[in-house]
Each structure stands twice: as C-alpha cells, then as structure tokens.
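This report refers to the structure that appears directly beneath it.
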Amino acid sequence: MSAESIARWNAIPLNRPDPGSPHLKRSKSNDGQSDEEDDDVSLMSRSPSPVDPMDVEQHIDKYDEYHSGSVREVITVETKLRATNKGFAMLAKMGWAEGQGLGISGDGRVDPIPFAVKNDSTGLGKVNQDFRMIETTVSQRRELDSERQTKESGEQRKAREDAAAKKAAVRDEISTTLRAFYCELCDKQFKNVAQYDEHTNSYAHHHKARARDMQAAQKLMQGRGSKEDVDKRKEKERKREEKEMRKLAAAAGIKLARPSAMASESAAGGTAASAESSTGLKKSGWAAVPPASQTS
C-alpha cells in the first residue's frame, strides 16, 4: 500500500457525514497513477457497529442498575428470617418464638437445614452411599478362608464339612446322571437328550468322526508302506555295499563272483544240505574253489 493510500485511509472520518454532501463523490485522478494501488485497501469498516437495543445478554450484569425499585438483598444460608417473612409470621402465630426449637416440647431443630449445591450427575444420596460403602469395605480387610476356619467353633466346622460333603455328593450324582450325554469324540458334556441328539446330528460331530476315520486309515497305510520301504532300503544298502566291495577287490587284484553266481551256489549248497539232512550222510569230495586272478 502506498503512502498516499494510507493518508487517504486515515483521512476518512469515523462519524458518518450527511449523505447529500458533494465531497463524497470520487474525483478522477489526474496524476496518472493506476487504480491497482487501491486494491490493497481493507473493506472492513472502521466505524463501530450500532448496538441492538433488544440485546440484553451483554448487559445482564447491569440488570440492577436499570431495574427500578429497591435494592435487592442477597440471601444466604446464614441469613436469619425477619418478622416480615410469611413463614416467620405463621410460626409466630402458632406460638413459636425466635431462637426456640420446633415442636410442641421445643426440642426440635433450631437452625435451618443446611444444603449444598449438587454438581454431580448422580441421584440424591448416591454419593453419600458410595462413600459409606467404600469406608465399610476398606476399613477392614476381608478374611481368608483359613483365617475364618481357625476362628470357627466345633459346630461350625462340622456344619461346614457336612455342607461340603453334601455338595460333593450332589456333584458326583449329577456327573453320573449326565455321563450318558457325554460325547467322547468332541469332549463335550450335555444336560439332556435333546441337546445330545442335536449335537450327534450336527455337522461338527460328523466332521470330527470322518477326520478320525481318515487319520486311522492313513496310519494303517503308513504302517504297511513302512515295512516295504524298510525292505527296499535294506536291499539298496546291500547293493551299495556289494558295489563298494567289488571296487575294493578290483583295486587289490581279486576277482569276485557275480551276485547271480553266488546266489546259484548258495542255492546248490542249500539243496546239498537238505539232501544230507534227509540221508544223514555227508557226501565226500573236493569243494569247488573259484580261480584266483593273477596279480598284475
């Protein structure tokens, strides 16, 4: 904002002049300056807004100043009743004197009932009740069962034991009666026939039954397959050992017979042994020995 605009703004009077005065008309500027300098001028009025005569909230504290009549007296709990009070006049008419207690014998309340402003949202007397309950609860610690048992008499001990035995008997009887409504598969206890039937016909029960059967079948198949796998694993290990032995023998210059020849010889030996066992005589003769290979 230029200095000329600020000067014109400060020259505006705070009081509203007569609308018919001719000096409110804006004259054209002859100095050649553009009107862009006036764009920064605030459009907010500097004159105070008129006061609404019906707006009484802002003058509510000054009510007594505009109220015609005698000065209002502030009454508190400690303020005593005057003789002009209707209640005081009524009590005096019935024979009561100031400073005397209420009632026929005069032993009633002398001072008025005190009151306090209730700022909480609870009901009447609820806060006092809570305070009394809290004081009763925290004033004395709750005794343990062991402490109460040390202080009880013989009759109280016998009554407690009888009550415990009765509860145990009732519990055992209930468990025996409801044992027929127990589902071992789902590990659930039911109280009547309707609940048990509804459970046995439900999808969850049948799903667990199918899962149990499937697991049992899978274990059976795994048991059968495990024996075959063990035999296959043993045969594979035997073949690997034979292959290693043949390699070691070839490296040492020893020629070993093929497994097929060894199997035929073992079969022949088995037949001869069976013949000897049948006749009881041993056949004499030279044993066949495989020829040894020449060392290189």
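Heads up, residue numbers simply count up from 1 along the chain you see.
Each residue, glycine too, has its Cβ placed from N, Cα and C.
Annotation comment: TrEMBL describes 1-57 (among others) as region 'Disordered'.
Mean model confidence for the domain 'G-patch' (83-129) is a pLDDT of 84. Feature annotation from TrEMBL assigns domain 'G-patch' to 83-129.
Taken through DSSP, the region 'Disordered' (139-164) splits into 19 helix, 0 strand, 7 coil. The feature region 'Disordered' is assigned by TrEMBL to 139-164 (among others).
Under the heading compositional bias 'Basic and acidic residues', TrEMBL lists 140-164 (among others). Long-range contacts of the compositional bias 'Basic and acidic residues' (140-164) within the same chain, counting only residues at least 6 positions beyond its ends with a Cβ under 8 Å from a Cβ of the stretch, are absent.
Helix, strand and coil content of the domain 'C2H2-type' (181-211), in residues and according to DSSP, is 18 helix, 4 strand, 9 coil. Annotation source TrEMBL lists domain 'C2H2-type' at 181-211.
Residues annotated as region 'Disordered' in TrEMBL: 204-296 (among others).
The compositional bias 'Basic and acidic residues' feature in TrEMBL is assigned to 225-247 (among others).
The compositional bias 'Low complexity' annotation in TrEMBL covers 260-279.
Beyond the domain 'C2H2-type' (181-211), no same-chain residue lying 6 or more positions past its ends has a Cβ under 8 Å from any Cβ of the stretch. Broken down by DSSP into helix, strand and coil, the domain 'G-patch' (83-129) contains 12 helix, 0 strand, 35 coil.
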